[in-house]
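Participant: Take this structure, written in structure tokens, and hold onto it; I'll ask about it next.
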Amino acid sequence: MNASTPSTETTAEESVLPELRDAWWEHGVRRRAEAGVLGVFAELPKLVGSAVSVAWRADRVRTLVVGFATLGSGLMATFGLLSTQRLLVELFAGGPTPDRVRAALPALALLAATTAVAGGLRITIGYAQNGLTPRVNEVAERRLFEATTAVRLAAFDEDAFADDMERATRGSDAAIALVQNTANMFAGLVNLLAVAVAVIVINPLLLVALIVATLPNGYAALRAGHLRYATFLAGSVRRRRLWVLQRQMAERDSAPELRSYGLRGFLLGQYDMVMGAQTREDLALARRVTTTTSVGALVSGVGLGGVWVLVGGLLWGGRIPLSSAVTCVVAVQASQRALAVVTFQLDRLYTDGQFFKEYIGFLERAKQYLPPEGPDGDRTQPQALRQLTVRGVSLAYPDRDQPAVDDVTLTIQAGQTVAFVGENGSGKTTLAAMIAGLRSPSAGVIEWNGHPIADLDEGTLLRRISVVMQEHHKWPYTAATNIAMGDIGTAPAQKAIEQAANRAAAHETILNLPNGYRTLLDKTFKHGQDLSGGQWQRITAARGFYRDADLLIMDEPSSALDPRAEDALFRAVRSRQGHKTTILITHRLANVIHADRIFVMHDGVLTEEGTHRELVAAPGRYAELFAMQASGYVAEPDDAGSPSA
Ligand SMILES: Nc1ncnc2c1ncn2[C@@H]1O[C@H](COP(=O)(O)OP(=O)(O)OP(=O)(O)O)[C@@H](O)[C@H]1O
């Protein structure tokens, strides 16, 4: 199939790819383009302030070294220009050449010294900056992860917060860039100032010449920067579409479906359409950029021509000596170099500054999602579980009309194994997450031995609970660590790890791995291994068993297990009955027959509760679901359609 087949023609319209969300990595570019040519100056002091403060926090000594060495190198630039002028004065003076050279020697020595000192200072700045940036990175990144790991789970449900967090992750890189850009821009400015001071000392009139020669150039450079950002921005949605398409055409994940459904022509058609538009847009904008930069160069060239005319006039009228005229040429060139640095760094500083602002803003906004803090003594220490009570508990997720859990009341006694059952989306996981202290109810209260869990010491409470998540995480560590992470507070003990693995039918699986318990479970690392879905689930269950928790919550722990592993797992769960409490969430109702109590949820509401026997005897949802599932195990109908057994 090729790009012109009918199926491609009918679907390859712009609407196939939906409008993409603003990409965080373009945010700074967007702000720069919106700020206009000179708007970048408005935010400059604040951004520079942020950069200095983050550098100061990371490493005071190096920050001071960079600051003072930059000032020093500016000073050397001034001395350098002044000694150049002195040198020229002596060389252009009358008299025999050897005398002139001799007279110029002190100036030459000064020039050599300033050049050497300036070189030394540049090396010092380089060393200090190189030592500073990794520290800035560490401080900024650490602060970010302190926040992302501390915020409550509910924060991740807020769209705006997730976006915020995504953008803030760029903040630590931006912090480094911000510090570097600020240092470089500062160096450029100091150089510019140094040249101006030297020129004033030589002849104040030359300052006017310098301004005329550099200002149009500076404006042109800023405008060129602005156009570059605008160019980038104009093609941003298309570029992202291309990026999405490129991934679809070149990645392993999409490769099987691409081939099996014959999507090659369709995707290439999409690519041609988007790329064609992108190229046309790029060409049009490139023309504009070239025109603008050419006009800018022309105007600054005219300005520079004016300066040379002025210098020539002054020279002609005997108002300045030849040495000053030559120094002026050197000064103009030096200032243009410094200005190019300043304008370039200004653009970068502004753009990276936007990311840094996102980062700082995120850290501020994250505070509202942090658990309430209080002195340790303020909170009651939860004792071993005797009774767990859920009283009128509800929870509604953001942007959802229906509550996920609606006014649920139930009691669980210590040592019981209870089951939450119900159809998909009925609220079982949400209720369990509230019991586990991971989510806070929007109404109602959950009590641990009669104390609202919100009043209990959170750390101790969480240590008394173990949760085997429905959507477990595959930690990229060894098999042993994957299990020991279930109780990270205690020193890992191989015997306990193996016991936990045995209970979850994971022991044999792990022994069969190339390095047994020491096998790294991540294929992206050298010698790393991956597991099947069911094998991962066994390790996850072992992690849950590893913690000797008062309350074990297992959410769909057997969905990927084979019958033998499932049987072993549920035998391990039953072995807790009578002395440890277990909440089981499962759709495989055969596994809840032995539960002390079964709670049936529907649309967030607790609709039935009782033992298996009681519930199948009543004409309710549980009886219906159980009968439906059990019917699947009745012997196959014979050819005539009637059951053979
Ligand atoms: N993070 C979330 N943000 C918004 N809505 C959510 C979120 N998690 C779950 N929901 C919604 O809340 C309701 C209850 O979900 P929950 O995961 O508690 O159901 P469940 O009974 O565990 O389902 P399943 O049997 O499929 O695991 C569903 O309607 C679901 O769409």
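Including glycine, each Cβ sits where the backbone N, Cα and C put it.
Copying in the features that TrEMBL gives for the protein in this structure:
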- 64-351: domain 'ABC transmembrane type-1' (DOMAIN)
- 64-83: transmembrane segment (TRANSMEM)
- 103-125: transmembrane segment (TRANSMEM)
- 189-213: transmembrane segment (TRANSMEM)
- 295-316: transmembrane segment (TRANSMEM)
- 390-628: domain 'ABC transporter' (DOMAIN)
Participant: Quick check: do the transmembrane segment (103-125) and the transmembrane segment (189-213) share at least 3 Cβ pairs under 8 Å, counting only pairs 6+ apart in sequence?
Facilitator: no
Participant: Could you tell me what the rest of the chain brings near the transmembrane segment (189-213), counting residues at least six beyond its ends with Cβ under 8 Å?
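Facilitator: Residues 70-71, 73-78, 81-82, 85, 300, 303-304, 306-307, 310-311, 314, 319-320, 324, 327-328, 331-332, 334-339, 341-342.
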Participant: Over the domain 'ABC transporter' (390-628), what does the predicted model average in pLDDT?
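Facilitator: Computed over the domain 'ABC transporter' (390-628), the mean pLDDT is 93 on the 0 to 100 scale.
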